[in-house]
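Comments concern the structure below.
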Ligand SMILES: NC(=O)C1=CN([C@@H]2O[C@H](COP(=O)(O)OP(=O)(O)OC[C@H]3O[C@@H](n4cnc5c(N)ncnc54)[C@H](O)[C@@H]3O)[C@@H](O)[C@H]2O)C=CC1
Ligand SMILES: O=C(O)[C@@H]1CCC=N1
C-alpha cells in the first residue's frame, strides 16, 4: 500500500489498537505520530511501536498528509476548533473514527468540502482482526478512498457503506460488538468459576470455544450460522436444553433490542456533538 505521513489526534484504546495493527502489519512507524495532552498512552505507544509521541495537536496535524481524529465524540468540537485556527486542511485527508459525529458536522468544524472519510473500526484491529465500516462523501477521490481502505485492511476487514447512517448500523454490528461477546464470555467464565473451576481454566475453556466457533464460521462461508448451530445441537441433548433456556429468556430479542439501542444512541450523539 501507499505510505503517507499519518497523525493520530488521540492516543487511547482505539487509536492504540490501529497503530499497533498498522506497525505490526509493516506500516513504517516513523511515518506515524500519536498526539495527546497526557504523555502516558502516547509514550507507551512510542516505546512499544517506535511511532512519534507528540503533545501539540496542531503542529502534528500540520506536518501530516493524513489526520486521524481519534478523540471522544464529546471532545471533537473543542479539538477541531483549536485545529482549524492553526492548520490548513485543504489537501489533507481527514479520517474520523468517532461515533456520532457526522460529515456535515466535521465540515462545519474544519471547513466545507472537507476531504474526509468516516471509519467505524473496532478494537480487534489490535491483533489484525478488526472490522471497519467506511463512509465517504461522493466528492472524496478514488485515491483517498483506496488509501483509507488499504489502511484499514492492514488491520482487518472493511465494508463500505453508501449511506452515512450505515456507520451507525456498523457500530451496532461491529464497533460495539466486541463488548457484547466479552460480556457473554465473562458470564460463561463466571459460571464456570461458580462450578468450581479455577479462573485460568474457566477462561481457557471459554476463550477457546469462542475463538473456535468464530473460526468455524469464517472457514464455512457456504454454511449458514444457523446450520452450524444445529450441528452442535443433538436432539434431546445438552445444547438443546441450554438453547431452550436462552430462547425462553428471549436472548435473540435482547440482542436485537441492544443493537437498536446502540444505533439510537449514535443518532442521539449526532444531535449532541
Ligand atoms: N474503543 C472502541 O472500541 C471504539 C472507539 N471508537 C471511537 O474512537 C474514539 C476514541 O475512543 P477510545 O479510544 O475508546 O477513547 P479513549 O478515551 O481511550 O481515548 C481518547 C484519547 O484522546 C486523548 N485526548 C483527550 N483530549 C485530547 C485533546 N484535546 N487532544 C488530543 N487528544 C486528546 C486522550 O488522552 C486519549 O488518548 C471515540 O470517538 C470513539 O467513538 C470507534 C470504534 C471503536
Ligand atoms: O462505545 C462507543 O461509543 C464506541 C463506539 C463503538 C465502540 N466504542
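Placed from the backbone N, Cα and C atoms, the Cβ positions cover glycine too.
Keep in mind that this is a model prediction, so the values were computed, not measured.
Pulled from TrEMBL:
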| type | residues | note |
| --- | --- | --- |
| DOMAIN | 6-100 | domain 'Pyrroline-5-carboxylate reductase catalytic N-terminal' |
| BINDING | 9, 10, 11, 12, 13, 14, 70, 71, 72, 73 | NADP(+) binding site |
| BINDING | 57 | NADPH binding site |
| DOMAIN | 164-269 | domain 'Pyrroline-5-carboxylate reductase dimerisation' |
Residue 9 (NADP(+) binding site) CB neighbourhood, other CB atoms within 10 A: 27
Spatial neighbours, same chain, of the residue listed as 'NADPH binding site' - Cβ under 8 Å, 6+ residues apart: 9, 35, 79, 82, 83
Number of other Cβ atoms within 10 Å of the Cβ of residue 70 (NADP(+) binding site) across all protein chains: 28
Where residue 57 (NADPH binding site) falls in three-state DSSP terms: helix
Reported mean pLDDT - the domain 'Pyrroline-5-carboxylate reductase dimerisation' (164-269): 98
Binding-site residues compared (11, 72) - highest count of Cβ atoms within 10 Å: 11
Local Cβ density at residue 13 (NADP(+) binding site) - other Cβ atoms counted within 10 Å: 11
Recorded NADP(+) binding residues, 9, 10, 11, 12, 13, 14, 70, 71, 72, 73 - maximal Cα separation rounded to whole Å: 14
